[in-house]
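**Student:** So TrEMBL lists these for the protein:
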DOMAIN    83-452  domain 'PTS EIIC type-1'
TRANSMEM  84-105  transmembrane segment
TRANSMEM  133-153  transmembrane segment
TRANSMEM  160-177  transmembrane segment
TRANSMEM  204-223  transmembrane segment
TRANSMEM  235-257  transmembrane segment
TRANSMEM  277-295  transmembrane segment
TRANSMEM  316-339  transmembrane segment
TRANSMEM  351-371  transmembrane segment
TRANSMEM  383-409  transmembrane segment
TRANSMEM  415-436  transmembrane segment
DOMAIN    496-534  domain 'PTS EIIA type-1'
Amino acid sequence: MRYPPAFGAQGFKKVDTKALEADPDLKGIFEAGGMFQVIVGPGDVNHVFEEINKMTSKDIAVSTDKLKDIAANSGNWFSRAIKVLADIFVPLIPILVGGGLLMALNNVLTAQGLFGAQSIIARVPALGDVAGLINLLASAPFAFLPVLVGFTATKRFGGNAFLGAGVAMAMVMPSLVNGYDVAQTIEAGDMTYWNIFGLDVAQAGYQGSILPTLVISWILATIEKFFHRHFKGTVDFMLTPLLTLLITGFITFVAIGPVLRTAGEWLGLGLANLYEFAGPVGGFLFGLVYSPIVITGLHQSFPPIEFMLWEHGGSFIFATASMANIAQGGVALAVYFLAKSEKLKGLSGASGVSALFGITEPAIFGVNLRLRWPFFIGMGASAVASMLVAILDVKATALGAAGFIGFVSMRPTDIPNFFICAIVSLAISFTGAYFYGRYMISKNGSIDPDEVGAAPADSAEAGAAGSGEFIEPAPDAFVISSPLEGKAIPLSEVSDPMFAAGKLGDGVAVEPTVGKLVAPIDGKVTVTFPSKHA
């Protein structure tokens, strides 16, 4: 998965934003988190990535990592924490979405009352083993989720990712009581214990536990880095992994693990109860602010919260996200029917459809935020639909694409109500944006403020090739002043044959009229050749 091309903050003032906005092949531009992002859209981003890689003669991945480091060290503690969670969970999204969709498919095959009194596998027994295999593939990512989180979290905290995965594997060993059955096992009096220096330590697993894994990964990375600083050579190679695993393992099962598992259960239960207590008002408010949350990137911290909510009946977050995405897609489609500009029409149509199926960045950044009013109408539609989600108690039991196809991630009995809420979101967003847009046209002649009183688009179109080629930099974007006052002459006219023949590269010569050479920067010359040669 490629992210939008991003450029360091030092280049912001040199960006020709007008030319980028005029390019019909781009979906939009956005500045956030210490980066200038160019929204290319799915399908084309890989080609742009490769072309920029050629133009800069640098590895963009390395540059992106450096930008992440800069962003991670900027902002307040809350924004830094969100960036850390994003770095940990964003790489896991493909496996979580894949497993979630498979889990949803298994639910559709096995649910009773969804397509009649009998489930699909009851009607077609030959599909029974197929459903069993699907369930196995769907359950694996979530059963071993601590291993995945342990790997990415330890890597993010600067430790050896494989050591982190190793400790996480110990947390989900089959010989331990399954993490989902710990409470029932203790209640039944069947829990087995280790006696560790006089302490009874429960042989309990941590399947599905995220909070303990995150904290333990940080502890492991901290311990490992401590030993690396104090051990050298062969001693470091032998003792650092041994002591890191041993100490972290004891801390995990004796102290940190049990405490944080209980804290995670309380947090999940508290969020579920808070949502139930807030009811329709809570649903309305969460739906209202969800799209702004997406802009800030805070939504990337939601997956661990959703994992906790799944253990308490399901997640309202994914259902709300689906309503918000559908609403932003609906207003973008309304813009399609109102726009006069071919570029805006093409962009709003394509991005609107993609938003309905869960990919909202082109619609939000390329259309809705640029025009502003569609984004706010989408927020209102999302709020109303999310209030209905709370009233009908629609919840998800898996991750997936947050849009119309998000129905497969819902509890089977909630699928009909999910479609009702989705249709409400689309209807309100589309009709609200369409009629407000008609009002804008009657008042200003266009829905796009950039088109009101604007010059003919020929000049802008000439700057954007429209054939997929990159826009040439603006001629005044980079100005190199001459260090000499004098007369410029072709390089071929200088007396030095090496320079004149271009052996040392292209350039230009200056015959000085004032005997002063001005340095391009302020500073102090500290080293020169004995010959005083340049």
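Each Cβ is built from the backbone N, Cα and C atoms, and glycine gets one as well.
Keep in mind the model is a prediction, meaning the values are calculated, not measured.
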**Student:** Against the transmembrane segment (415-436), which of these stretches has the most C-beta pairs under 8 Å: 84-105, 160-177, 277-295, 316-339, 351-371?
**Tutor:** 316-339
**Student:** Please indicate, using numbers and ranges, the residues of the same chain that are 6 or more beyond the transmembrane segment (316-339) and have a C-beta under 8 Å from a C-beta there.
**Tutor:** 275, 283, 286-287, 290-291, 294, 299, 302, 305-306, 309, 345, 348-349, 351-356, 358, 360, 363-364, 367-368, 371, 374-375, 377-379, 381-382, 385-386, 389-390, 394-396, 399-400, 402-404, 406, 409-410, 414, 418, 421-422, 425-434, 437-438, 441, 447-448
**Student:** Mind pulling out the one from 84-105, 160-177, 235-257, 383-409 with the most Cβ pairs under 8 angstroms to the transmembrane segment (351-371)?
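**Tutor:** When the Cβ pairs under 8 Å are tallied, 383-409 comes out ahead.
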**Student:** Out of 84-105, 160-177, 277-295, 383-409, which stretch touches the transmembrane segment (235-257) the most, going by CB pairs under 8 Å?
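**Tutor:** The stretch with the most close Cβ contacts to the transmembrane segment (235-257) is 160-177.
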**Student:** What stretch of 160-177, 277-295, 383-409 shows the most Cβ pairs under 8 Å to the transmembrane segment (84-105)?
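**Tutor:** The stretch I would name here is 383-409.
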**Student:** Determine the mean pLDDT over the domain 'PTS EIIA type-1' (496-534), rounding to the nearest whole number.
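**Tutor:** So the average pLDDT across the domain 'PTS EIIA type-1' (496-534) works out to 71.
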